[in-house]
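**Q** I'd like to ask you about the structure that follows.
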Amino acid sequence: MARSFMDLIWDYAVFVVFIIFSTLYPLWGRFFGKKEKTKADYVFGLGTISMGAMMLSIARGTLGVRSVLGYPSELFYRGSAMWETLYGMVTAYPLVCFIFIPVYFNLGVTSVYQYLDLRFNSRLVRCLASGTYIVRSLLNLGVTVYTPTVAMNTVIGIPYWASLIGISAISIGFNLLGGLKAAITADVIQSVTMILISVGIIIQSMITVGGFDKIFTIPANDGRLNFFNFTGDATVRVDTTSAWLGQLFMSLSIFGCQQNFVQRYLSMSTFKEVRRTLMSNIPVVIALFCLAWIVGMGVYSVYAVCDPMKAGYTNKMDEILPFFVEDKFAYLPGVLGIFMASLFNGALSLNVSNINSLATVTWEDFLSHLPRYKGISDKQQLNVIKFIGSIYGVIVMGVGFSVGLLSGVIESSMLMTSATSGPLLGVFLLAMLVPIANWKGAACGMIVSHILTLWITFGSLTVSKEVILLPTTVEGCTNDTFSSGITKPTKSWLLANTPLEVESEFPYFDTTTHSPVEETIGFPENIYSVSYMYYSLIGTFLTVVVGALVSVLTAHADDAYDCQLLHPIAYYCSKLFPGKERRYISNPDIRPKDVESADSGSKKSPQKKKIEELERDNLGFDTVSEQSGVTVVSVDPIPPKLDRPEVYRKHDPEADR
């Protein structure tokens, strides 16, 4: 701590009050409002989530904790190169809206990986995809929940283990009592709080430097704002090309193939509502994204001539923003407490929403098909999902402790995230856009892509890479630079007995500067030196190419599937190619979510009809299809024996009979 305990007493009090409020308010409805009675209520929060809340939640999940701590420190010490990842995020939204969502929304699926099972008739492909998501999410969550604990340990002295246990305990409580609605409400509270704090930081910076324009001119004059840098070098850490392409493929994988995002899309009533929410969310994401960078510009303009880290007041780059709040808001007790509580709540809300999705995926993709769980009631399924979520809460806490004890876990887990984005995105692109793709091609594509991208990922750890930090100075430091009471940190008993600390949620924020090494590198070092920003692109390309080739070589009549599982444009284009007509079958498991009810004259509201339909269909499991009149047990998409002939293309004379 840079200030004494007594100076921070109000911040401690505000911290505790804010955490209590942000925890109990989202759960208020659990005790005094409508309770989740079914699995559909718990997983999707049917009819209870507003469009505005959904937009903030999606934006919050898009930016994550890095928007609070990472981006300001990135601009301060590295410049604006990473700012251009915004291009990839913005490009990904319309692609997800018009490629992925039309396919998902018309299937009535609960788990996004259930779609792969329907498309490829393969439990292997589904388990590969959902397993990848689970492992990646657990590693991410472990780092996510640990990152703010470092700041709280450093700034206000809360032991990291206490924060970890607190976040995990509250997350488990949310999981048991809340559901998607509680998680989204927590997201909204955190988002609004961080917006207000960010605006306050910008105003304080403007007052300190003497004008709003100087927040922009000072960083620009010192070389912090450098855009449209096309180097053409794939080994450069990040330039405009890698920022756009790399973030585009990572965002497509996250927004379009990750359960916690798709779960939010499917919680809406109609496809038009999803499209309107996603497209309206683009300016929201741009505003929130740029807000974090403007905060960094304001902080830099204040400390442009006196870098706190170089002066010895901070130890890590990520501490620059907490230090600023502690320093420049010392005259306003409680602001630091709100800021740190918002970091805590940010990790909490991300943890809650993700363990909800992890539990849903684990149930739908793994456990629900076991014999002992066949035929259990909807209420029992809901209890199992909550229990699984509680287990994941404990596992995430364990991963968080491991992050603190094993210093190499952070970089490895972040590189693992980048490496797994490509194979996951690739298999969904195969399913939606490549009509010839079969389960053998999809499985081979994912496996080969995983092997090669992980080889590059771990190989990159063996290569020394030059990391250049922009110059800072302490020439302007005076006795009045920092607030009274701010002192250089000392090695207290608490810090001396704390296990190794992580540097950041993102490893590229915390590497040290290395001297340039002039040497010629060959294979495979030149492959290992490729920027991690390209890993998702490489993984996607490998999955699609290998998957398509293997599918062509192993094509079989049993590869037939329902044409609704293809994107409409891909289905239309496939009919233009010469050769034998592709054979399709009808799958009674597919029931469009927003199809109007036959009894349109009913006075029931559309939302009530939707809830009743999902409850009747049990979210796609153990149901009776009204369209086909066929009882379908489990979601196994192997074509059942139907009471009617298989449906082929309209040119097939068998289908016309």
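Every residue, even glycine, has its Cβ placed from backbone N, Cα and C.
If you look up TrEMBL, you'll see 12-31, 43-65, 85-107, 158-180, 192-212, 244-262, 282-303, 329-348, 384-407, 413-434, 441-461, 532-555 (among others) marked as transmembrane segment. Annotation comment: TrEMBL describes 587-657 as region 'Disordered'. Sequence annotations record features per position, and here TrEMBL assigns compositional bias 'Basic and acidic residues' to 587-596, 609-619, 641-657.
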**Q** Would you say the transmembrane segment (282-303) and the transmembrane segment (158-180) are in contact under the rule of three or more C-beta pairs closer than 8 Å, pairs 6 or more apart in sequence?
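**A** Counting Cβ pairs under 8 Å (6 or more apart in sequence), the transmembrane segment (158-180) does not reach the transmembrane segment (282-303), since there are fewer than 3.
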**Q** How about the transmembrane segment (244-262) and the transmembrane segment (441-461): at least 3 CB pairs under 8 Å, pairs 6 or more apart in sequence, or not?
**A** no
**Q** Have the transmembrane segment (282-303) and the transmembrane segment (532-555) got at least three CB pairs under 8 Å, pairs 6 or more apart in sequence?
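**A** These two stretches do not touch.
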**Q** Report the listed stretch (85-107, 192-212, 441-461) having the maximum count of Cβ pairs within less than 8 Å of the transmembrane segment (329-348).
**A** 192-212
**Q** Mind checking which residues reach the transmembrane segment (85-107)? Cβ under 8 Å, same chain, six or more beyond either end.
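**A** Same-chain contacts beyond the flanks: 62, 114-115, 118, 238, 240, 243-252, 255-257, 262, 265-266, 271, 274-275, 278-279, 281-282, 285-286, 289-290, 428, 432-433, 564-568, 590-594.
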